[in-house]
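Visitor: First the structure, which I've put down as structure tokens, then a few questions once you've had a look.
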Amino acid sequence: MLRSKLSSLREYLTPINHNSNFSTTGEISPEEFVQAGDYLVYKFPTWQWSTCPKNLQKSFLPADKQFLITRHVPSYQRASNYLTGGNVDFDDDEEYEDDEEGDGWVKSRKVVSVTKPQDGQEEEPQEINDIDDLIDVTAEGAEDDGDNLEDFDDLDIRNDGGSVRKYDMYITYSTSYRVPKMYLVGFNANGIPLTPDQMFEDINADYKDKTATIENLPVAHNTTSVSIHPCKHSSVMKVLMKHSKSKKTREEVNHLSEELGKTNISDKSQEDTGKDAEAAAGPEAEDSIRVDQYLVIFLKFIASVTPGIEYDYTMDAL
């Protein structure tokens with residue numbers, strides 16, 4: 001717990017910065033953290049603001065908005081099984097996306113999603129190149145699975161003995177890194193707290209040694225948690241915001257191009273129409289990721305660190 005004490009000391013000694021520069025640095029101020037938390041709670045009511053004992057409260061945050069929490073989030077299988085089982089395979093090639101510091105901490109594998117073949121047809125793999133495509137394919141697969149639930153009335157795969165776990169998830173504000181920080185507190189099927197080693201089983205192996213840490217939960221007394229260390233959160237958030245902004249900009253430009261193509265501007269070439277669409281989308285596209293959406297993108301990142309914990313229902317929030 002030495003690292004936990006050092007982390008607490010660093011949080012205490014770091015002065016509060018109220019300046020806003022999230023779009024350029026990936027960091028947010030305490031006020032922006034509250035704003036992003038309000039948006040998360042509004043969009044996803046399973047997340048709630050909460051208070052903590054007075055001696056643990058941070059004076060720069062409202063007393064009733066010290067941290068965000070969602071409880072009893074299920075985990076049906078361990079991270080290693082989640083990444084190697086089912087219908088999603090990783091090929092041998094790995095892609096690394098370096099942040100601007102060149103640390104290569106944002107790591108992604110090429111993913112091949114195998115679709116269920118029709119009669120007489122072979123399976124055709126669909127390559128997925130970014131996190132949003134993976135989320136979209138996962139959502140489509142969930143819908144397909146829901147259509148076939150009646151075929152499995154007598155089969156309860158998820159509730160397999162003691163494999164089901166529940167997690168309470170806490171999001172606090174880190175003053176030393178100026179980003180949100182995630183804490184996990186897990187319980188087994190009987191409600192008994194998990195040991196740190198057991199909770200580590202639900203952390204992606206690629207991140208275990210880099211970012212997962214055993215700490216005392218800073219908003220409660222005598223509670224052991226696993227934290228997702230925020231040292232690289234800002235650079236990771238910059239990458240994810242860039243991806244989300246790029247995807248949204250492409251969608252807006254394509255939509256505007258289609259709309260302009262329906263108008264009676266006969267002397268415009270297709271290239272000119274595309275330029276007009278980009279110009280029309282420009283200001284909105286530049287600001288497409290708002291600061292209040294920050295925690296939604298943050299959770300997309302955390303979902304890659306804890307792949308077996310099923311809380312990433314944020315696909316349609318942006």
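Each position is counted from 1, following the chain as shown.
Glycine is treated like the rest: Cβ placed from N, Cα and C.
What Swiss-Prot shows for this protein is this:
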- 82-161: region 'Flexible region' (REGION)
- 83-104: region 'Disordered' (REGION)
- 89-103: compositional bias 'Acidic residues' (COMPBIAS)
- Cys231: active site, glycyl thioester intermediate (ACT_SITE)
- 235-293: region 'Handle region' (REGION)
- 244-284: region 'Disordered' (REGION)
- 249-261: compositional bias 'Basic and acidic residues' (COMPBIAS)
- 268-278: compositional bias 'Basic and acidic residues' (COMPBIAS)
Visitor: Write out the long-range same-chain contacts of Cys231 (active site, glycyl thioester intermediate), meaning residues 6 or more apart in sequence whose Cβ is under 8 Å from its Cβ.
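Guide: Cys231 (active site, glycyl thioester intermediate) has long-range Cβ partners Tyr177, Thr211.
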Visitor: Please give the average pLDDT for the region 'Handle region' (235-293) in this predicted model.
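Guide: Overall, the region 'Handle region' (235-293) comes to a mean pLDDT of 59.
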